[in-house]
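Asker: Sharing a structure, written as structure tokens. Questions coming.
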Amino acid sequence: MSGDHMESSRGGGLKRNINGYNTSSSASTYLIEDTETQWTSWLVPMFVVANISLFILVMYLNDCPDQKHTRLVGNCVASFLGRFSFEPLKENPLFGPSSSTLKKLGALQWTDVVVKHQGWRLITCIWLHAGVIHLLVNMLSLVFIGVRLEQQFGFVRIGILYLMSGFGGSVVSALFIRNNISVGASGALFGLLGAMLSELFTNWTIYTNKAMALLTLLVIVTINLAIGILPHVDNFAHIGGFLTGFLLGFVLLPRPQFGWLERRNLPASTRPKSKYKPYQYVLWLVSVALLVSGFSVALVMLFRGENGNDHCRWCHYLSCVPTSSWDCN
């Protein structure tokens, strides 16, 4: 089963599977300070609280001790926690609930989404986590990345980025993975990473240390995506979330020109600059077109029951590369 994804400063993100893990790092290395309003971050902390609260509820409903009659091997881990104790490590090595509990509560699975028409799982799976380890890594990543982004751009834009990226990651995952269930916020976290990269491009002229900023972010993204080729890690959700966030960054995160911000201090006879540069408008239009067309095509393919692997014979290597040490099946 799958679980699941930086003044001068921005951070990094994560997605994972229950039988393997994908970590992500975050480093405050390159955001610039400007004259725009600094927001108070409250939405990201609310997301963290919601994810933790939901995990506690999932563990309560899982009630490991009550499932002894259906368990083939192993005993509950940390049995002193009572009904909050974890499934045996052979069932879930991340210290969490059973796969059947996750599926009942909204985990992503192709059969349920397409055959049983439960499209809501494309959203609910973002809020579920496979275990304590999965939850902690994702929430730490969310705090390091999301708080700074929300302070810079406000809760509306970051909230849209988070939810749309998570949804995009779920759609791509469902297109390519049919035999496993998937949970986790990593697609949304990779979306924040993608938005940071496009924000760097669209606001390129206002950064002072451009090369270092770009190199730092590319290294973080590359490491996270590389971890995704391990078995049982849903790298398709990472890639879908990253691409969605990257395009949304051009739409939601362009910064106005300094001359436009200072227009009130200019003499009345001075003609103020336009709010954005021409290339920012071009990137905005291209990104909107790609987002609309991409989601439309992907959703039509998904609900028609098409398998993404039939249209891309090598794409399965993006999520797992078989070696002598492991079997991707």
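Glycine is treated like the rest: Cβ placed from N, Cα and C.
From TrEMBL, here are the annotated features:
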- 42-61: transmembrane segment (TRANSMEM)
- 117-254: domain 'Peptidase S54 rhomboid' (DOMAIN)
- 126-147: transmembrane segment (TRANSMEM)
- 159-177: transmembrane segment (TRANSMEM)
- 183-201: transmembrane segment (TRANSMEM)
- 213-230: transmembrane segment (TRANSMEM)
- 236-254: transmembrane segment (TRANSMEM)
- 281-303: transmembrane segment (TRANSMEM)
Asker: Does the transmembrane segment (213-230) come close to the transmembrane segment (159-177), meaning at least 3 CB pairs under 8 Å for residues 6 or more apart?
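Answerer: Counting Cβ pairs under 8 Å, fewer than 3, so no.
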Asker: Taking DSSP states H, G and I as helix and E and B as strand, how many residues of the domain 'Peptidase S54 rhomboid' (117-254) are helix, strand and coil?
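Answerer: For that range the per-state counts are 107 helix, 1 strand, 30 coil.
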Asker: Thinking of Cβ pairs under 8 Å, which stretch from 42-61, 126-147, 183-201, 281-303 has the most of them with the transmembrane segment (236-254)?
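Answerer: By Cβ pairs under 8 Å, 183-201 leads among 42-61, 126-147, 183-201, 281-303.
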Asker: Cβ under 8 Å, sequence separation of at least 6 from the ends of the transmembrane segment (42-61): give me the contacting residues as numbers and ranges.
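Answerer: Sequence-remote neighbours of the transmembrane segment (42-61) are 83-84, 86, 96-97, 101-102, 105, 127-129, 132, 135, 138-139, 142-143, 146-147, 149-150, 155, 158-159, 162, 185.
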Asker: So if I exclude everything within five residues of the ends of the transmembrane segment (281-303), which remaining residues of that chain have a CB under 8 angstroms from its CBs? That is, six or more out.
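Answerer: Same-chain residues near the transmembrane segment (281-303) but 6 or more away: 113-114, 119, 168, 171-172, 174-175, 198, 201-202, 243-244, 247-248, 250-251, 254.
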Asker: Average the pLDDT scores across the domain 'Peptidase S54 rhomboid' (117-254) and report the rounded value.
Answerer: 91
